[in-house]
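Q: Feature annotation from TrEMBL assigns domain 'Pseudouridine synthase I TruA alpha/beta' to 9-105, 144-247. What TrEMBL lists as active site, nucleophile is 53. The substrate binding site annotation in TrEMBL covers 111.
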């Protein structure tokens, strides 16, 4: 009988079409499943904790799969890692309880979003939003962030999915803060779940507050409207990273 396995993977999302398998391939899921078929000689379906869009990175994406493997676990990890691009690193493989599900067993997620005041170096541009001449008031950003904490309808901070799926817009935002280190800033957020493009929209909204385009109180008005408008931008994908999934 196949064993259920849990795995943690990190990846540089640059150049990939996101996590989830799709027509045209070149997704993280496609690459991992193709490698499993080579190792095990049969198709294996992997199930991620959630989607990450094209260009989004991950340090702690979690997936599960069912497979028969009668050798040491470290051999499976080594075989899996050896045949995939260096921009994808499978960090661990371990046995899981039979009813474990990477998505539905998750209690929450932590994301980070990175900004850079000025022009970031070529070694950083793939991992942060380079803001050019914009200067951010981090104190105002954190004031605005505090107004969004707690359980709310976040319909104003999402985008419509192309597949037409409808998700409960009420989410409990447990953490949202911005910290500065020189010209580098990082937004960190934790919640039980997020809407489609919600983290990138939160990042875009806080930048608008940071540059003075919006006031902190304006985000309360946007939140209460429960409807997405062009007033709130969506930050670029490449600044976003899935840091950890909580179980």
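Cβ atoms are placed via backbone N, Cα and C, with glycine included.
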Q: Taking all residues of the domain 'Pseudouridine synthase I TruA alpha/beta' (144-247) together, what is their mean pLDDT?
A: 93
Q: Residue 111 (substrate binding site) has how many other Cβ neighbours within 10 Å of its own Cβ?
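A: Step by step: centre on the Cβ of residue 111 (substrate binding site), count other Cβ atoms within 10 Å, giving 24.
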Q: What's the CA to CA span in angstrom from residue 53 (active site, nucleophile) over to residue 111 (substrate binding site)?
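A: Just about 13 Å between their Cα atoms.
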Q: What are the DSSP helix/strand/coil residue counts across the domain 'Pseudouridine synthase I TruA alpha/beta' (144-247)?
A: 32 helix, 31 strand, 41 coil
Q: Within 10 Å of the Cβ of residue 53 (active site, nucleophile), how many other Cβ atoms are there?
A: 16
Q: Going by DSSP, give the three-state secondary structure for residue 53 (active site, nucleophile).
A: coil
